[in-house]
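Features of the protein shown, as given by TrEMBL:
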DOMAIN    B:68-276  domain 'ABC transmembrane type-1'
DOMAIN    B:363-553  domain 'ABC transmembrane type-1'
TRANSMEM  B:12-35  transmembrane segment
TRANSMEM  B:72-93  transmembrane segment
TRANSMEM  B:105-128  transmembrane segment
TRANSMEM  B:148-173  transmembrane segment
TRANSMEM  B:206-238  transmembrane segment
TRANSMEM  B:258-275  transmembrane segment
TRANSMEM  B:305-327  transmembrane segment
TRANSMEM  B:367-389  transmembrane segment
TRANSMEM  B:401-422  transmembrane segment
TRANSMEM  B:428-450  transmembrane segment
TRANSMEM  B:489-514  transmembrane segment
TRANSMEM  B:534-557  transmembrane segment
Amino acid sequence: MPRLVLSGLTKAYGPLAVVDKVDLTLGEGEFVSLLGPSGCGKTTTLRMIAGFVDPTAGSISVDGTVLSAPGAVVPPERRGMSMIFQSYAIWPNMTVEENVAFGLQLRKLPREEVKHRVAEMLAVVKLDKLAHRYPAELSGGQQQRVALARAIVVKPSVLLLDEPLSNLDANLREEMRFEIRRLHDEFRITTVYVTHDQAEAMATSDRIAVMNAGRIEQVDAPHLLYARPRTRFVAGFVGRTNLLEARVASGTLLLDGVSLGPAAQARLPDGALLISLRPQAMAIHEARPAGDGLVLEATIVERTYLGEAWDYVVQPEGTSLRLRAAAPPLEAHDVGRKVWLAVDARQVAVVE
Amino acid sequence: MAGTRPGRLRRLEPVAFLWIALIAALLVLVAAPLLKLLLVSFEMQETGEFTFQNYLTAYGRQRYLDALRNSLLLGMLSAAISVVIAVPMAWAVSRTDMPGKGFTWATVLAAFIMPPYLGAIGWILLAGPNSGWINQVWRAATGAEAPLVNIYTFTGMAFVIALHSFPLVFIFVKSALDLISSEMEDAANILGGGTWTTMRKVTLPLVWPSILGSFILIFLETIALFGTPAIIGIPARINVVTTQLWQFFEDPVRVEVAAAYAIPLLLITVGLIAVQKMLLSRKGFVSQTGKGGERRQVKLGPWRWVLFGWCLAVAMLAVVKPLMVLLQASFAKAWGRGFSFDNLTLRNYRFLLFEHDMAPQATWNTVWFSAASATIAAVLALLVAYIVIRRLMRLADALGFLAMAPFVIPGIVMAIGFYAAYAGPPLSLYGSALLIILAFAARFLPIAYANSQAAIRAVHPEMEEAARILGSGRLHAIRRVTAPLLKTSLLGGWLVVFIVASRELSAAIFLVGPRTRTMSVLLYDLTEQGNFEVVSAFGGILLLITMAIVGIGMKLVGRDFMLRRE
């Protein structure tokens, strides 16, 4: 049985639906991210799962029991979940130990067991030496670990994370990403993770649900989301891409008159369509590369050095297309130079 | 020499002279009176010899010791009642969907600006054992002989004091609650805590410092309060420290005994504030991060009407009823005869405004003393706060310390210090306007200082630096950039000092002379004569002036200028 099921979940304020018929199913122990720009409804969805917000329509069930439906909502304190907040919300008047013990004490566990489990948990998040500190005496990363420990120690049925890393600086953010994944691998808690940062979602999740304007656009494993975006929004939001208007004529995919080879992948009908071509799906060569892959003659129009890679704008001969193509730092080509563009046709994705 | 060093000295900033002037001013206003108080307590009258005799006299009689004990008990009881009254109100206004928040807010403001001694007079009219309104109604309704309530008791006095102190708890606790993000409570909810558990284990502990702080503050204000204990306590034969001090000032004036007797008040205050600091030292009580600070209201369901009922009851007791009876009495020939047309008269007001030999003078005194002391306090506070916050001078912190020191000196102790230092020769300022103005300015300096500090903190130093890099000197930059940015909040500070100075009784009563009586002192004198109709009318005039100033403040500075926590 799936652990968490959202079906037709909707939240409307007046005529405005901020969450619009969301369907999502999480298996036991699965880690799913809700990814999207601010205002896409991801936090509202999370808060509905937690029970802080009542749905206007649809339902939320855990292990087959309905917890939220319009007019009938189990309050947060009786859901057996836990949550990590954007501000961490660790209580500044309690020590690290007291913060972590809070949920266990509410569950009326024997004192010895509380002590034991708290100590164990603090060891896992490497805070055992700081157990008697107050939050004000901890760094941002340490506070984040307290929040993690406090949420995980109660062994929740579902763990909810609301942009937990947005208050940390870049290096720490990267470290905590792996920490969150490590803890998930260790405890296998079913997790819903809300973020607007795709790198965070990619690094942590089993699957990612991309949200836009209150709807889920696509749910997929991170690498599939990148390679096979199904909608224009997903293609543009996840990674950078070239969104191009193409045509299929008698089984051949044509891009501004240039053939990209047989449109075999989906047996597409003739007509106009939109494709996504990642900058990484193209390679720039100064001489015509060997092999029978798709190669186009092109001119370098612009270039920007981004540190990790070059960002070129190239124009294939005989077209008015401007394609962004990525290249490693040592492959420097001058603007105006004629080059050969090798296109990996397998990475061409048709989007809605 | 000067040529080799691009001389800091040659371009000595005018700020340096200012600093010296400020030190001098603070020494005169704060340090000298305190020091003199301490010295006098060890001196023989006339001869000035060193002695412990004053302390032996001050603590040598059971009556004096009882007064001390009464003060401590009164302070605790009033503070406790205030906390009980105000914490639910603060929680309701800050965190819940209780209706009538504007009304509650107005109640708190009204209770705050109403001078406590006026409230005390109102409650004498309401709950005097024989003719008080409540008891009259009670007797008429039940035929009972005994009064239902009696204000001339220890609890009655504590209750009346609390009715005008609770706004402090409200302001402190509400602003602490306002700072707690809802996520703090959400985190407890999701871990299994219901609304009440969360409030008990998370929300209240988080505002515990503000509850403790306001409890201590009210305790301290109460033990230093003169008006209510004098108006209610003296007829009830309940002696407290302040009324006892007053008796030491009756002929023959025994300043040195009063000084010795006042020292414990000072020690208790300093001690309590130290204890408070210690208790709160390590724990953090403000959420650490700025983001995610969204606040949502707790939905109370039917409970919200219970809370609203509570606020309504407080409004009735603290504001509506006392004001009603005061108003009635001020327009009555004899207040006990109740509301009827033939009892109506303007005589009381006419008497005060046109016939009384002191009332117009006292009114004018109050206005100009308050304005002058507010101006002195505001200017001093602004300059000191500026130097301290921008760290312009070494030892700047010493300035800040001096400016905040009167906060821990009970007003009445301050007044005795001023008396000891400046009343007699060589300055012989007793009874002069200058003495009262300086005492008020010193007493309320911390209010103005805290206000200026907050205001200056809000102006980023880069604002000034931008002016200076374009060639403006520091004072010029302050005048052209900083001061205009601070204008409204400084005006707010000035008005608050004006209002508290205009009703100040504890400090004034020891310093006024025949021609320098303020409205508060005259009001007290009238109360002693027992003519409550005239007293009420004079109270009405005082309230009218206060309300006009509050109104101006709200218009110019903003609705909440009185009730911000500083």
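Just so you know, glycine gets a Cβ as well, placed from its N, Cα and C.
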Positions on the same chain near the transmembrane segment (B:489-514), where near means CB under 8 A and six or more residues out: 113, 115, 117, 224-227, 242, 246, 249, 366-367, 369-371, 373-375, 377-378, 381-382, 410-412, 414-416, 418-419, 423, 430-432, 435-436, 439-440, 443-444, 447-448, 451-452, 454-455, 458, 483, 520-521, 523-524, 542, 545-546, 549-550, 552-553, 556-558, 561-562, 564
Under 8 angstroms, Cβ to Cβ: which one of B:12-35, B:148-173, B:534-557 has the largest number of such pairs with the transmembrane segment (B:367-389)? B:12-35
Does the transmembrane segment (B:258-275) make contact with the transmembrane segment (B:12-35) through 3 or more Cβ pairs under 8 Å, each pair 6 or more apart in sequence? no
Under a criterion of three or more Cβ pairs within a distance under 8 Å and sequence separation of at least 6, are the transmembrane segment (B:72-93) and the transmembrane segment (B:428-450) in contact? no
Is the transmembrane segment (B:305-327) close to the transmembrane segment (B:206-238), in the sense of at least 3 CB pairs under 8 angstroms with a sequence gap of 6 or more? no
With a Cβ cut-off under 8 Å, give me the same-chain residues at least six positions beyond the ends of the transmembrane segment (B:305-327) that come close to it. 85, 88-89, 92, 96, 98-100, 103-104, 107, 110-111, 114, 118-119, 121-123, 125-126, 133, 163-164, 166, 335, 536, 539-540
